[in-house]
Amino acid sequence: MAKRDYYEILGVSKNATKEEIKKAYRKLSKKYHPDINKEPDAAEKFKEIKEAYEVLSDDQKRAHYDQFGHADPNQGFGGFRSDDFDFGGFSGFGGFEDIFSTFFGGGRRRDPNAPRAGADLQYTMTLTFEEAAFGKETDIEIPREETCDTCHGTGAKPGTKKETCSYCHGTGQISTEQSTPFGRIVNRRTCPYCGGTGQYIKEKCTTCGGTGRVKKRKKIHVKIPAGIDDGQQLRVAGQGEPGINGGPPGDLYIVFHVEPHEFFERDGDDIYCEIPLTFAQAALGDEIEVPTLHGKVKLKIPAGTQTGTKFRLKGKGVPNVRGYGYGDQHVIVRVVTPTKLTEKQKQLLREFDQLGGSSMHQGPYGRFFDKVKKAFKGES
């Protein structure tokens, strides 16, 4: 099945900026995160979204993808590789090896005994709203493959060692020679008996079964920076799986899921909340206490405040994860209309309305009421 276009997965155009790509990724990753979305295909969609973002957020990978798509430009035609054949017998034609190298990728066979970096690992961590805002230090356990302590990674039983493969004589390749009218062609393929290593294990280590690696749970101490947000990830260098043949270890990527808060909402480094006001507080003004992540602060409400009015508490938001100060807290007031009134309260409100006279019918509200009256009277 053909892979979907990365731009299509994130729902952005091919000219999208890095900020637009990041915004689309954050929105979709929240929607399809397996901890939130319980649909059967949510995990697969989340994986697809993450893969698309990892490519499009990296300038080099994105340029490569824009040029070649999902195809590997080194693959050549139908998996044919020039290194599978020896064109030494074409000396009279001059440069045949270079010609085939040009057309079919020209890659040399990778040495299976060469050092290779270990695999990267991913770990998903759930944080509370406050933990994400202020950061924390914690220990986590991750399952990973590690070098076998019994054989020290050789795969051979202690006291024994790997032996030279008798089928390929240590070359890691098996060659078949074919004569043609144009000369001699030697076909080389990876030795199926030793897997191209040129060696085989006669007596395997009983602990790892000859693989040289065992499954373990590794405890890692992690320092989570203050200001981390939902969907962001933290790279812990060198804590992935160990390298092969002396290669460097991979990295550990911790992806964070932040639980929603019952009172606050977050947008970047800013925090939003709603505060209820009584009719009297809004009309007469008041000084109220507002909860923030940093404790309660006093907020002065001016007389005549309307529902939906927004106040800003500077520096009371979330610390920037890169250390660039703090965001702000935005307080939106909502004037609460009472629904259950006693007879005395109703009478007082009627008296208040009568005492108000024409005050509600002056200014912009007055023009609105005049239009309503004219509409009911049929005036234009």
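Placement of Cβ uses the backbone N, Cα and C atoms for every residue, glycine included.
Going by Swiss-Prot, these are the annotated features:
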type: DOMAIN; residues: 5-69; note: domain 'J'
type: ZN_FING; residues: 135-217; note: zinc finger
type: BINDING; residues: Cys148, Cys151, Cys205, Cys208; note: Zn(2+) 1 binding site
type: REPEAT; residues: 148-155; note: repeat 'CXXCXGXG motif'
type: BINDING; residues: Cys165, Cys168, Cys191, Cys194; note: Zn(2+) 2 binding site
type: REPEAT; residues: 165-172; note: repeat 'CXXCXGXG motif'
type: REPEAT; residues: 191-198; note: repeat 'CXXCXGXG motif'
type: REPEAT; residues: 205-212; note: repeat 'CXXCXGXG motif'
Near Cys191 (Zn(2+) 2 binding site), which residues of its chain come within a Cβ-Cβ distance under 8 Å, counting only those 6 or more away in sequence? Cys165, Tyr167, Cys168, Thr171, Gly172, Gln173, Ile174, Gly198
Taking the centre of the Cβ atoms of Cys148, Cys151, Cys205, Cys208 as the Zn(2+) 1 site, the remaining residues of that chain with Cβ inside 8 Å are Asp149, Thr150, His152, Gly153, Thr154, Gly155, Ala156, Lys204, Thr206, Thr207, Gly209, Gly210, Thr211, Gly212, Arg213, Val214
Rounded to the nearest angstrom, how far is the Cα of Cys194 (Zn(2+) 2 binding site) from the Cα of Cys205 (Zn(2+) 1 binding site)? 17
Mind tallying the repeat 'CXXCXGXG motif' (191-198) by DSSP state, helix then strand then coil? 0 helix, 0 strand, 8 coil
Taking the Cβ of Cys151 (Zn(2+) 1 binding site) as reference, which residues of that chain separated by at least 6 in sequence fall under 8 Å from it? Lys157, Pro158, Cys205, Thr207, Cys208, Gly212
Rounded to an integer, what is the Cα-Cα distance in Å between Cys148 (Zn(2+) 1 binding site) and Cys194 (Zn(2+) 2 binding site)? 20
Under a three-state reading of DSSP, tell me whether Cys208 (Zn(2+) 1 binding site) is helix, strand or coil. coil
How many neighbouring Cβ atoms, not counting its own, are there within 10 Å of the Cβ of Cys208 (Zn(2+) 1 binding site)? 22
Mean pLDDT across the zinc finger (135-217) comes out at 86
Counting only residues outside Cys165, Cys168, Cys191, Cys194 in the same chain, those with C-beta within 8 angstroms of the Zn(2+) 2 site's C-beta centroid are Ser166, Tyr167, His169, Gly170, Thr171, Gly172, Gln173, Ile174, Tyr193, Gly195, Gly196, Thr197, Gly198, Gln199, Tyr200
Per DSSP, the repeat 'CXXCXGXG motif' (148-155) contains 0 helix, 0 strand, 8 coil
Structural state census, the domain 'J' (5-69) (DSSP three-state): 45 helix, 0 strand, 20 coil
For a quick check of packing: other C-beta atoms within 10 Å of the C-beta of Cys205 (Zn(2+) 1 binding site), how many? 22
